[in-house]
Amino acid sequence: MNLCSSGATASTTSLSSTGQAERSGGVPGGGAEGGGGDGGSGNSGGGGSKTNDGSTEAPTLCFAGGSGTAGAIVGSAELSNANSPANGAGGASGSTGSGQQPTGSNGHSHLHNENNANMPPETRPKMVTVKHPESNKPKPTTKKSKPIQADQDVIKALQRCRDEGIKRLDLSKSSITVIPSTVKECVHLTELYLYSNKIGQLPPEIGCLVSLRNLALNENSLTSLPESLQNCSQLKVLDLRHNKLAEIPPVIYRLRSLTTLYLRFNRITAVADDLRQLVNLTMLSLRENKIRELGSAIGALVNLTTLDVSHNHLEHLPEDIGNCVNLSALDLQHNELLDIPDSIGNLKSLVRLGMRYNRLSSVPATLKNCKSMDEFNVEGNGITQLPDGMLASLSGLTTITLSRNQFASYPTGGPAQFTNVYSINLEHNRIDKIPYGIFSRAKGLTKLNMKENMLTALPLDIGTWVNMVELNLATNALQKLPDDIMNLQNLEILILSNNMLKKIPNTIGNLRRLRILDLEENRIEVLPHEIGLLHELQRLILQTNQITMLPRSIGHLGNLTHLSVSENNLQFLPEEIGSLESLENLYINQNPGLEKLPFELALCQNLKYLNIDKCPLSTIPPEIQAGGPSLVLQWLKMHSPYRQM
């Protein structure tokens, strides 16, 4: 029996008023996940569109399915009009109906039947104008104001698709559970969007859509695909993300025109050797499955530019990966990889290589050949050192992330390895020294993260890091901050928490662009008066030190929004704290010697949070303290000798 036989007449193949056959090819759109990320399914336009030869293409049919990438028009707005752009009017807008009778941009009002006018409002059908290709006459049609709720509505949609020769059909986000067999009659379809429904299986008749090029089935409950899908020999994009597939359906391996295949977030445990048949693939996403082995078949996919196998259980990669010489993005992060094959060096077009969070103890020296890479990230492995001079060979690198490994020293290769780098992250290693002159060629270096290492001192040439914007030296064993810190006048973020600093140099006042200064958990007793010169400072964190008083110059920090001096030895707060007009959060809790607050604190009108826990404030009644910042400030104001405040 021929599943694809139907009563459709040949007239459905042409919708041009001149009798000219309509052009092949669907409306552009329908992109999905890109580079392993979550993408959408393209714009869903409405209405017909003009072709290059002046004839009219078949319109797109889009049902309202809520907001999202398809973006159908909801309510009583127009579905299309004569002045629609090429990809259809109203697809991306997602606008809702206003409740008024709309008028199309071509001047035609929506038509109402006289009988409808006499019907009660609650039973009167909503009317929308659909521009039919063979005529400029508006055609009334019924449109629900809510997403499709019942599967019988799909039957009507498919009938209309058949009758009007629709090429692009969007039934996404419509709570559909079953696709009826009448889908076989929609022979003009080139794009079909069924994502975000409740579909458990596809009918065999789906194979009748032999013109289909883009099929989006993501976010359903599919466990298999019908064998008849192999008849869709022109299919180029297949999106099966977020389903319940335990294996790659065998029929997929026979879709040899596929260029893009998304299988992310399923339950796939293995990849068959038949994968080698998909030689036209340029993008393959197997992200977030349960795959333990990637066979040699991957090497046959020589046209691949993007391969995402992240978040699986891979322990090894086949040497054949080196045959995929057109790869520009290879994502291997969050696996259990123990090694990387030497053949990786054949991938000379590689720009991005994700190796984060694996079980690597080393990387191959052949990576030197991948000179197009702009980012090198091996965070969360067990690497102790990189191949000698490898980073220097990768002269295009701008970002280097070596955090959460076992480095005891900086990578070998000298200053040349950081020439074009603007961000270096070596957090959570065992490095005890930053080599003198290591950044002498790094003129563009703006971010350095050395948090959670074993540094006891900073290099004498720290003053040459003049372009540094963000410097994180937290959780080390630093005992002194060099005076030359004053030369880092582009610095905006300085984090020195959890060290052994006893004082801050007066030259700190030269860092006029500083926005965040974190000195938490040190041994600081006194802050320099020059702290008041940091007029751009927004966050000052001083908690868990041994500070006995704040300098009066703190009143000059007009942009300060967050001040934490909890767990210190404060005896009082300076009156100048009342000048902090931008202050929103003030932590002064656990200062056992702080017995009173200055009345001037009431001038901090923007204060939203005040923590005074475990401070013996004998002058303020407990019930006032328990009432929160506003009540405390009100009490201070009422009892102030300056009633005019």
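A Cβ is built for glycine as well, from the same backbone N, Cα and C atoms used for every other residue.
Taken verbatim from Swiss-Prot:
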- 1-19: compositional bias 'Low complexity' (COMPBIAS)
- 1-67: region 'Disordered' (REGION)
- 26-49: compositional bias 'Gly residues' (COMPBIAS)
- 83-151: region 'Disordered' (REGION)
- 88-97: compositional bias 'Gly residues' (COMPBIAS)
- 98-107: compositional bias 'Low complexity' (COMPBIAS)
- 165-186: repeat 'LRR 1' (REPEAT)
- 188-209: repeat 'LRR 2' (REPEAT)
- 211-232: repeat 'LRR 3' (REPEAT)
- 234-255: repeat 'LRR 4' (REPEAT)
- 280-301: repeat 'LRR 6' (REPEAT)
- 303-324: repeat 'LRR 7' (REPEAT)
- 326-347: repeat 'LRR 8' (REPEAT)
- 372-393: repeat 'LRR 10' (REPEAT)
- 444-465: repeat 'LRR 13' (REPEAT)
- 467-488: repeat 'LRR 14' (REPEAT)
- 490-511: repeat 'LRR 15' (REPEAT)
- 513-534: repeat 'LRR 16' (REPEAT)
For the repeat 'LRR 8' (326-347), mean pLDDT (0 to 100):
98
Do any residues, 6 or more residues outside the repeat 'LRR 3' (211-232), come within under 8 Å Cβ-to-Cβ of it, and if so which ones?
3, 24, 26, 30, 32, 41, 172, 187-205, 238-246, 249-252, 254-255, 262
For the repeat 'LRR 13' (444-465), sequence-distant contacts whose Cβ falls under 8 Å of one of its Cβ atoms, 6 or more beyond its ends:
398, 403, 418, 420-438, 471-482, 484-488, 490, 495
By Cβ distance under 8 Å, which residues at least 6 away from the ends of the repeat 'LRR 15' (490-511) in the same chain are close to it?
446, 451, 466-484, 517-534, 536, 541
Which residue counts does DSSP give the repeat 'LRR 3' (211-232) for helix, strand and coil?
5 helix, 3 strand, 14 coil
